[in-house]
Amino acid sequence: MNNDNRITQADDICVSYNDSKTYGSDGNISMEISSHSLQHSLMEGQQSGTDHKSLCRRLYPTGFYPEVKANLNIAWSVVFTQLCIQSTQPIATMFGGHLGKLELDAVGLSNTIINITGTSVAVGTSTACYTVFSQTYGAKNYKLLGVLLQRSVLIIMLAILPSYALHLNLESILILLGQNPDVARLAGEYLVIYMPGLFCNFLNIILRSYAQSQNVVVPLFFIGLVSLVTCVAMQYILLFVVGWGIRGSAIAQVVTNFVMCLLTILYMVFSRRFKDTWDGWSRQSLAEWGYFAKLAVLGLLMVCFEWWAFEVTVLMAGILGNTELGAQTIMFNLNSFPLSIAIGIGSATSVRVGQTLGAGNPEAAKTAARVGMTITTCVSIIMMVLYATLRFQLPKIFTTDPDVIQLTATLLPIAAFYTVCDYQTASFRGILRGCGKQSLGMVVAFISYNIIALPVGIPLMFLTPLRISGAWIGLCIALVFSVSVYYVYVLYFANWEELSRRAQKMAGEKSTATSDTKKRRDSETTPLVSKSDYPHEYSGSVPPSDENNTCDANCKVTARTVISRTAVIATFFGILVVGILSRYFAPKPSPRNGWVHTNQTVSFRNASLPLDTFQQPYLNLRGLY
């Protein structure tokens, strides 16, 4: 009986203890409950961290930070190289401005024509180089890369011949368009003298893409720096020491481009970094022109649709008046130089995407594309904030005219939004080059600029009180469309496995290599992932396909191929011959009646602005990405 009572009392104590535990009446037990709650919160935090990592893994399958490092290792040098190279034209214009108003008009107009009819052609056609060079390098088919270099030189250099034919006759063309005959004469002379420099510029653009596709970028920066110093020195010596005037300005640009091209070639010849990709001149460069030529033409149209639309807006601004032209010129200068950052990131993204596709790593290519988009977005937001907050200070760098400053400050908030979209476009163009999707870029550029930007912007300029702001609104609408299309394609419709398969097919069979250099190049080409990471997606052999876009360093060159290529080359030289005959035998046009001297110069640049009003020339970097 006593035992039963003791058992009952023990049960009551246990119940009481459990009750106290339940209601937290005991301090130690409450602490235990708190520790359990803390542990639960930590588990939720770990789960949240896991979800965050899972999201990052889905967005960047092969890792975010390693790809950022790989991209920026290429981009920083490309950015500074681009700045050095693109500074040569404004330097020439500034030196020409010290010769007089007429010379300033002529140099500015000449450099604009060089951009429109020369540099844009080289930049557009060279987009094919970024595609085939980076993909072939990624596939480790190094000997084929040297053949592709020769092939690209042959094809792209043909495109310079129509430009030559046009430059030989531009004096007459400018007079027919109503240009000041004195300016037309000086500009025509400038363009003829510059023709060797245009050849060097074409070749240098090809060689830069060849080096960048192999991750060789730092030497190009130093070459660009030397060329910039050469430009300043030659402009000063030939204009003010020797006294050659505007001819000296053209010769100085030729010498600058020649020095840049020569230094690049010498570095490639004596550096050991290119010995695996160059096996001497080969007849194979005459074969398989179709695929490269297709990419080159599509890239040319992609660049020119955009570039020429920008030149039209500058011309329209000049019609509105000097204040609008000055503001528009400042706007493009403010946009062009910082745009080199986006161009550099876009070029690095192009190389990374092409290399990883050629290596058979579609997940790494997807990561490279998305990392490039992310970096560019961050940079564009920074520039947007700077434009919005410094809108009254930035115009003062270029002019002291209060009307131009006020109008530019009004435009800069619109340009701030435009910058975000423009920088994104630069990144997407790099992705398209790496994928070989110039066709998509061409269609989007045509719709954006020829169907949206100009048809919307020009009426807003002349039929509404918006005036020059209307042009920028039209450009913003066009870029919103293009960026939207690119985002949808890259994020939802790009078939990276198929793009990788095509890249490997284009690059041909993977070559064998046993040297230490081969091992070094393997690590340089795909630092993010190795072939073993994706064994089911990589194959050393060429996947079967019915597409006729394969390249092979050992493909057979028949007599029919040689005859066909000779006919193509002869056709382009025929265009040059027609240009030469037209220059010397066609009747010269007469200037229009009632011509008023320099103040009515038809120029895309700042020619109609007083020298003490606008200090910097307009520089178009469009299409360089």
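We number each residue from 1, going along the chain as drawn.
Using N, Cα and C of the backbone, Cβ positions are placed for all residues, glycine too.
Residues or ranges marked as transmembrane segment in TrEMBL: 144-166, 186-207, 219-244, 250-270, 291-310, 330-351, 371-392, 404-421, 442-463, 469-492, 566-586. Residues annotated as region 'Disordered' in TrEMBL: 507-547.
Proximity of the transmembrane segment (566-586) to the transmembrane segment (144-166) is established through 3 or more Cβ-Cβ distances under 8 Å for residue pairs spaced 6 or more apart. Most Cβ pairs under 8 A with the transmembrane segment (404-421) among the ranges 186-207, 330-351, 442-463 are made by 330-351. Outside the transmembrane segment (219-244) by six or more residues, the chain places 77-78, 80-85, 87-88, 91-92, 95-96, 98-99, 208, 211-212, 251-253, 255-257, 259-260, 263-264, 267, 271 with a CB less than 8 A from a CB of the stretch.
Among 250-270, 291-310, 371-392, 442-463, 250-270 has the largest number of CB pairs under 8 A with the transmembrane segment (186-207).
Sequence-distant contacts of the transmembrane segment (291-310), counting only residues of its own chain at least 6 positions beyond either end whose CB sits under 8 Å from a CB of the stretch, comprise 115-116, 120-121, 123-128, 131-132, 148, 151-152, 155-156, 159, 332, 429, 433, 436, 438-439, 441-442, 445-446, 448-450, 453-454, 506, 548-549, 551, 620, 622-623. Distant neighbours of the transmembrane segment (250-270): 85, 88-89, 92, 95, 110, 189-191, 193-194, 196-198, 200-201, 203-204, 207-208, 211, 219-220, 223-224, 226-227, 230-231, 234-235, 237-239, 244, 278; these residues of the same chain sit at least 6 beyond its ends, with a Cβ under 8 Å from one of its Cβ atoms.
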